[in-house]
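Colleague: Could you have a look at this structure, given as structure tokens, before my questions?
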Ligand SMILES: Nc1c(C(=O)O)ncn1[C@@H]1O[C@H](COP(=O)(O)O)[C@@H](O)[C@H]1O
């Protein structure tokens with residue numbers, strides 16, 4: 001099956017966060033690849049990864065990074081595929097640094113930035129799935145079913161009316 005989503009992250013230390021995006025993709029049976037790519041540490045690989053992503057068949061890239069989180073923006077600079085940026089929670093500044101590095105892109109080069117940390121990573125997986133669902137009724141149905149299940153889970157925790 002052709003890989004549709006590239007899940008990339010600046011370091012192996014981002015894995016505990018980015019696993020939450022991956023779990024959504026696995027749950028929805030979306031083919032993905034996971035790579036450690038860094039604008040700072042492996043700039044040439046990052047450049048090549050982004051520049052060839054579309055021709056390799058990828059449809060969306062989820063990029064997570066922490067601290068001086070330049071990876072999502074730099075990848076977005078080298079591809080016109082949608083890039084979803086996940087600010088990984090940093091120790092020193094609780095992820096504010098990551099968030100601001102990712103979200104404040106100059107006009108013309110968008111990155112769809114989600115919330116800091118694991119909730120953001122999960123939403124990144126869902127957002128990628130929702131983008132792909134535009135072209136897949138099957139995936140749209142899976143997403144509807146997931147929403148319904150989550151809704152029922154919330155409602156099941158309500159106390160019975162007296
Ligand atoms: N922000 C970036 C980039 C980048 O933006 O290219 N490359 C690595 N990093 C980040 O450095 C943090 C610490 O990395 P280490 O734990 O490896 O020292 C990670 O959160 C990573 O995303």
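Each Cβ is built from the backbone N, Cα and C atoms, and glycine gets one as well.
Just so it is clear, the model here is predicted, and its values are computed rather than measured.
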Colleague: Per TrEMBL, which one of 35, 41 shares the substrate site with 11, 14?
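Modeller: Given 11, 14 bind substrate in TrEMBL, the matching entry from 35, 41 is 41.
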Colleague: Within 10 Å of the Cβ of residue 11 (substrate binding site), how many other Cβ atoms are there?
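Modeller: Result for residue 11 (substrate binding site): 17 neighbouring Cβ atoms inside 10 Å.
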Colleague: Centre the Cβ atoms of 11, 14, 41, go out 8 Å, and tell me which other residues of that chain have a Cβ in range of the substrate site.
Modeller: 9, 10, 12, 13, 36, 38, 65, 66
Colleague: What residue among the binding-site residues 14, 41 has the most other CB atoms lying within 10 A of its CB?
Modeller: 14
